[in-house]
Every structure is written in structure tokens, then in C-alpha cells.
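Q: Right, I'll just put the structure down here and ask away after.
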Amino acid sequence: MKPLALCGLIALPIGASILALLGVVAVNPAGAWSFLATYHGQPWLFGSPGYVDASIGILNQPLGRLSALDWLHGIVPWWNPYSGIGMPLAAEMQTMSFFLPFILIFKWWQGWLVVKILMQCIAGLSSYYLMRALGCRKRAAWLTGALFALNSSFLMATQAMGSMAFLPLLLLGLERAAQAARAGQTGGWNLIPFALAYSLYGGYPEVAYLDGLLAAVWALVRLAGLGPHRHRFAAKLAIGTAIGLMLTLPQIIPFLHYVGHTFLGFHKRFYAILHLRPEMAPVFLFPFIYGPIPSGRPLGIPAPFIYDWPDLGGWLGLTAVVPALAAIVRARTDRNRTLIVALTLFSLIGLARCFGLPYVTAILNAIIPDLARIDAVRFIIPAVELAVFILAGFGFDRWINDGPPRSPTATALVALLIAAGLTAVLPAAHAILAWYHASSPALRHLILFGNLLELSAGAAILIALLRRPTRLAASLVLGLIVLDSFIIASVPQLCAPRAYQFHRGGIAYLRAHLGLNRFYSLRPFGPDYPAGDELAALNDNQLPVSRGWSHYITSRLNAESDAIMFVGWWTPQGMAGGVAALRRNLANYEASGVKYIIADPGTDPFRVERPVPDHAPPAGAAVLGSGQSLETTLPAAETSIIRGTANPIDRIAILIGTYNGHAHGSLAARLCAGSICATGSAPLDHATDDAPLPINLTPPLPIAAGQTITLRLTHRQGVGAVAIWLRRNADGTTMPRLTISTDRQSQQIRRVYQDRVMTIYRLPQHRALFTASPACRLTPYGLNKLDADCPAPAKLTRLEAWFPGWHVTIDGHPAAIRRTGAVFQSITLPAGHSRVRFFYRPRGTRLAVSLALAALVVWVGLMGREGFFFVKKTQETS
């Protein structure tokens, strides 16, 4: 069975993503978060398309690609020059820059999905071997392996997949070390450094830390049970941990150095008190209690409730909880009773922390270092899941070996299961009923069907565990549990669109014209996605983020911006706040090296644009076929904003629908104030669906008080239909959703490119990456090299973030590099010809790499002598 079992554990993650792998659906996060794509084919279901947290898209995907490209070009990915004004790359950790060789797969935009499947395979296989090391039968080991390979954290916290996958391998290393110590043999600890190092290189130190808590509990249990062999196990544990930590020093030392200069956002206080609402408790047993995850909030449901979905790190599932509870109620007579008790307590305490039970959070924050500074609510779940799935394997194995529990124990199992169900469901009963009644009929049917299946499967498993096992019964129970997990892991594929069409013409334009400058985006092509294409953008999405850069953003660029996510639309006022800050501080953007501004198609951030009416409710759409017109008289009560305009109107924008690009021809507009009219038209062939279509008017139309304003729209010379989105006026009539434009901030700011996803504007006064005072002749050879010819000593300013670890050489000799202004770099150039080279190497890197190499040599040497995969073979029972 062994080869077949291992192949099955590999096939499960592949099968759960088979539609995405075959291209039937598109689960590319760039399609949703780069704002460069249009999608084709509606999803079958509403929910998550294979990931929930956008970090896998706006952070891991582009910066993982940048790291891969650096490695493939022979560059250690220490620095990211393409986000913000430059920032550390590997030290940010979430980029997984040192997660070799897996990070190389991120070279391809869909590489994240391949890495996710590989991590699921590693998680499943190592869980299988862990259960075998614990003496479980192959079927029980396969059950635990399958459950952890398909665990829900790979959906809810996809960005942390690299760290969570190696937890069972770490526990396997501890178990093998304990077995070797008990047998009086050397070795057995060699998996500990491997698993520990990869857990940290996986990009999420908080996941590795919380997984380490479960590993600590496991080690204490084994230490307590080894009697006179404790000292031997402690030595193995110490050397394995020490080598593992030393192997990670090239990552940890730059990270700790970077954290000392950064703003940590929520990590300071918010996470200390964060917890899930009781309404989320039923999800741990019935994942589809509110429909596909994350479910859209029906009308009538309080808005705050929906915000718990991003904080949910995963769930357990009723079908896995039933055999886990069976192991708990039979723990007193089980050979692994101490481990079962420890895993049960760990799971209960972890869940209590997730839901913020009184005193539990305060005590844990007080006794566990730095727990209050990490997102324990979300990232403790992978460890809790593994603990419960190990218990499920124990319960299933015990049933196969010893038959059903006796009557008092069986009664306790049923009572415990009912108590768990009531504890999860009753506090949320009001939310479940409200959600159900507020949902659409289709969603109601889906909720009923999904949860009845889960409940029926749980009941069937319970009944089977209370009866004498047969080979067929054991296979059915195993199949039912795994099938339930497989279906839940597969459903997110159905929430993805059929395909994305990426529009990369703007990227080609920037690649040809940007040079060594930056651009700033108000939404399209960002944040961090430009780094994946090695194009520099002032936008960024980082945590942690440099304090100097954070202060520069709020003091020079946008006082209301979130320093963690500096993008044009992420402000309290939405995009309007980003546009207003750009206009207000345009000179500072130019001084930061910004050459181009990217805006949504059909929008001009440098125009004064006003929506008319401002807050009217939507009223559907008017559909215009070729040759058809829509004429509207704009009510005076709704157009006071137009009548109060001091300057003539020279442009309007109409919110249209093109039926996913099927509208052709042009849309003509005729705007009249009394007897004076202005006309214009715009082509529909490349217009963006469900977006404003700008139409320039000639001549500019002045409007006086008391004049009647009429608007006529005509679809000319085209095929297909165009939808004109409407708003309802106060008097009950409807009018197009309209925006007017009256004047422009600067006529020198020119539109240089436009397509279906973006419009690009060029700033006239942008500053170069390298400048010298007094003037020198500068010849750059990329971002880090230049030749300078100076008639006299000069100050060279480089618009790259100053940060400890930057070095410069002039004609091969080290020179001093200083901070200039708020955040940039400067050096002194000598008179005459100079060849200048900048490079970044974090402080302490040489020592860190030397220690890591020494640890690697010791580890490999001991492996060669003792055997990497040493384990005392367990006798297989028939």
C-alpha cells in the first residue's frame, strides 16, 4: 500500500486544484489585484477563487517573482529598488526571497499555485510519516496526511504556505530524536534543522513561532516520558535547534536589523486584543454555514460581521472532529495518552485565544514572549489543525485496532460531540438565521445542501465508530472524511472566473519610456506588481515599512495615507483622497523621481471633476443600440453643482457598460444650456466596461443661472449595444451617471497613453535619479552604476532610500555615503572622471553567512555519519 498511499497524498492537492491547473478557471491573483485584466466567463459560485488574503497577490506574487529574477541573474535579492523609493527585499521576509529552490518557481506568474501544491504535498507526506513513527496503521497515517494536506489554512492564509507546511516534519524530527534517545542510539535529530530552517525561510516568522509552540509542547511530553534517557533527548534537541537557527541567520539577522528601523502597524497593540466574534464559531465545524467562503454579506446583516473573514485562519470540519473526540474520550487507556492530553489542551487553548475568552488572552500574552505582537488569531490555526488531525488519526487507528468504545465511553463521545456542536452554534444562532433569511434563494439552497451533507457525514462517521469495524466500514469512514475535506478544498475553484485577459500595452510603454525614473499609480498596475516587471513605482504595500519612508509619505506626499499600503485609492476618502493629495503635493512627487502618473481609463486626475448628482441612488441602465439616442433634461434640483461652475464645461464623462467589450462605434454627446450647445464623441471599441467614458466638448460650454440643461447621447456607427448607467433623481426621474470637468491643474501635464485598463500622464518637472551640484556630466549605467565627469568636487544625490547597509565605491575605493534631505542618498564626487558603483549588503551578513555555512558543514558531516533519515523502525501490525 505504501507507494499507492504516497501517490494518493500527492494526488489530493493536485486534484483539489485541477481546474486551475488545466486552465478551465483562472485563479491568478494578478487578475484581481494588478488592475490590468478583464475577466471572461462568470464564476459558478461567489466566494474566494483559491485564496482569501490579497497578500498572495499584491506581495508574494510580484516580489517573489522579483526575488526569483534576481537569483536567476546571479543577484542575491537583498534590495528592492522598484517599490516606493527602494527598500530591503529579503529582510521583509514575507517575500520568501531565500525560500530556495521553491522561490525560483515564482518566476512564472502562476508559480505561486505550483508552490502551494508542493507545500500541500510536503505537509501531507510528512504528516503521514509522523503518524507512522507514532505507531499508527497506514490507513490512520494516511488519514492525518490527507487532512493536513487539504487543510483550510492553505486557502485562508495562502501567503503563509511556506512556513506552515514544515510543521509535521519538525514534529517528525522530534519524534525520531526521542526514539533514538530511548533506544540509546546516536542521530535521529537530523530532520529538526531542516524543518526549522524551512519554516523560517518560508516567509512568515509568526507562523513559525506559533508552530514552534506546538513543537515545544511535543518536546516537553517526550522529555517527561523518557526517564533516564532525558539528557540524551535534550542534547539531540539542543543540537538540532542550534543548527537549524544558525542555518537561518542570513535571513534572521537582516530581518531583525530591518525591524529595528520600521513601523510595525497593527503589530504594536492591535493584535494583542484581536479576536474572532462568536458568529464565526460554527465555521470551525460547518465551513459553509454562511455559504462559500468568504461569503458576501446579504442586505440586513451588520457590516462589522463581514470583517471577521480576513481574521479567520481556517477551520477543522465536523468529519475530522468526530474521530478526534473519539481519541480524547479513550485517552485514558491509549498508549499515546500523554500526547493526546497535551494535543487536546493545546487545541483548546489555541481556540480560546482565537475567540478572546476572558483571561486566556491576557495570560497567554503575559507568559509567551511577543505573542501580543503577532496575529495569533489567524496564524495559530495551522498548528491547531495539525493537533486535531493527529487526534483524528489516533481515534481512527484505535477504532481499527480495538473496536468501538464501551458503553460509558460511547455515551461520553456522543455527549461531548453534542456539547461541542451546541457551544459552536448556539451563540451564533441569531446570525445564522439572519444570514439565511437575508440570502438569495440560490444561496439558501446551497447553505442547506452543504451543511446537511456535513451533518450527515458527521453522523455517519459517529455511528460507524460506535460499531465494530470491518474492512469495508474502515474504508468507508476513511473515504468519507477525506472526501469531505477534498470537496471543501476544491470548491474555491468554482469561485474563479473562466479566464483573465491581461492588457500589457501600458507596461510596454513604461518599459520603453520610464528609464531610471518612477511612476505613481492611482490604481492600475499596483501596488508592488511593477516590481515583478522590474519597473519602479512610488506605490508600495509592505509590512514592516521603514519609519523614514513612512514619515516621508505622511509629511510630503499624502498626510492621510496608510503608510503600510501607499496606493492612490487606499485613503479614508477613497481615490478622491489620493487624487487630492497628488494635486496638492505634485511638486513633491516630481522631486521623488515620478515621471508618469497612472490613472483609471478615461479619468484625468489633474482635472476638476464633479459627479452629478453627487449621492443619487442607482436606477439601472438605458441600452442604446446602433443609431439610438437617450435625451434627458437635467432637473435644476440635481444640477446645482453645474450651475455653480465658474468655468466653461469642456468635458463630460458618462458611466457606460460595454458588455465586456462587445460595444463598438462611438458615443456622441450634445450638452445644451438654453440654446447654446457643445458637442463631442468618443470611440467605444477600446472603452472599459463599467467605467466612465470621457467625451471632450467643443466649444467649452458656459452655463448661467436659470438656464435649462439638456443632454443627448447617441450610439453611432456601431454594432452591439452600449449601456448608459442611470441614477434616480429626487423627483423620481432618471438621468445618466455623469461627471463634468471644467478646468485643469496644468496644461503641461500631457496624456501620453491610454487603453482599456489605464491612462498614463507625463509630468514635466520630474527629477532624475542622479543629480549633481554643481553640475557634472553624468552617464548612468543602470540603477547602481554611473560615470561622472566633474569640473570641481560636487555633491551627487541619488533618489534611492538611505538605509544602513548601503555602500559606494568611487574608482574601486570605498567612499562615504550620507543621508540627504529626508530619506535619500548623497556622496561627494571628486573633480575629474569617476566611476561610481552603489551596492547594498545588510549589516552582519558576512558573519551570518559564515555561521550558516559552518552549521551546514557540521550538519552534513553528522548526517553522513549517522544517516539523515534514521528512525527506529516500528513493527507493523497486521
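Glycine residues also receive a Cβ, built from the backbone N, Cα and C atoms like all the rest.
TrEMBL annotations: computationally assigned, not manually curated.
Pasting the relevant annotations from TrEMBL:
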- 113-131: transmembrane segment (TRANSMEM)
- 143-171: transmembrane segment (TRANSMEM)
- 207-225: transmembrane segment (TRANSMEM)
- 237-259: transmembrane segment (TRANSMEM)
- 312-329: transmembrane segment (TRANSMEM)
- 341-367: transmembrane segment (TRANSMEM)
- 379-400: transmembrane segment (TRANSMEM)
- 412-436: transmembrane segment (TRANSMEM)
- 442-465: transmembrane segment (TRANSMEM)
- 472-491: transmembrane segment (TRANSMEM)
- 847-864: transmembrane segment (TRANSMEM)
Q: Is the transmembrane segment (113-131) packed against any residues at least 6 beyond its ends, judged by a Cβ distance under 8 Å, and which are they?
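A: Long-range Cβ neighbours of the transmembrane segment (113-131): 5-6, 9-10, 12-14, 16-17, 20-21, 27, 50, 102, 105-106, 140-142, 144-151, 154, 158, 161-162, 164-169, 171-172, 175, 195, 386, 389-390, 393, 397.
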Q: Can you say which of 207-225, 341-367, 412-436, 472-491, 847-864 has the most Cβ pairs under 8 Å with the transmembrane segment (143-171)?
A: 472-491
Q: Which stretch, 341-367, 379-400, 412-436, 472-491, 847-864, tops the Cβ pairs under 8 Å count with the transmembrane segment (207-225)?
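A: Stretch with maximum Cβ contacts: 379-400.
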Q: Against which stretches of its own chain does the transmembrane segment (379-400) lie, if we need a Cβ under 8 Å and a gap of at least six residues from its ends?
A: 127, 130-131, 134, 136-137, 139-141, 143-144, 147-148, 151-153, 156-157, 160, 164, 167-168, 171, 204, 206-207, 210-211, 213-214, 312-316, 320-328, 330, 334, 336, 340, 343-344, 346-347, 350-351, 353-354, 465, 469, 474, 477-478, 481
Q: Near the transmembrane segment (412-436), which same-chain residues lie under 8 Å Cβ to Cβ, leaving out any that are not at least 6 residues past its ends?
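A: Contacts with the transmembrane segment (412-436): 278-282, 284-286, 289-290, 295, 298, 300-301, 305, 318, 321-322, 325-326, 328-329, 405, 444, 447, 458, 462, 465-466.
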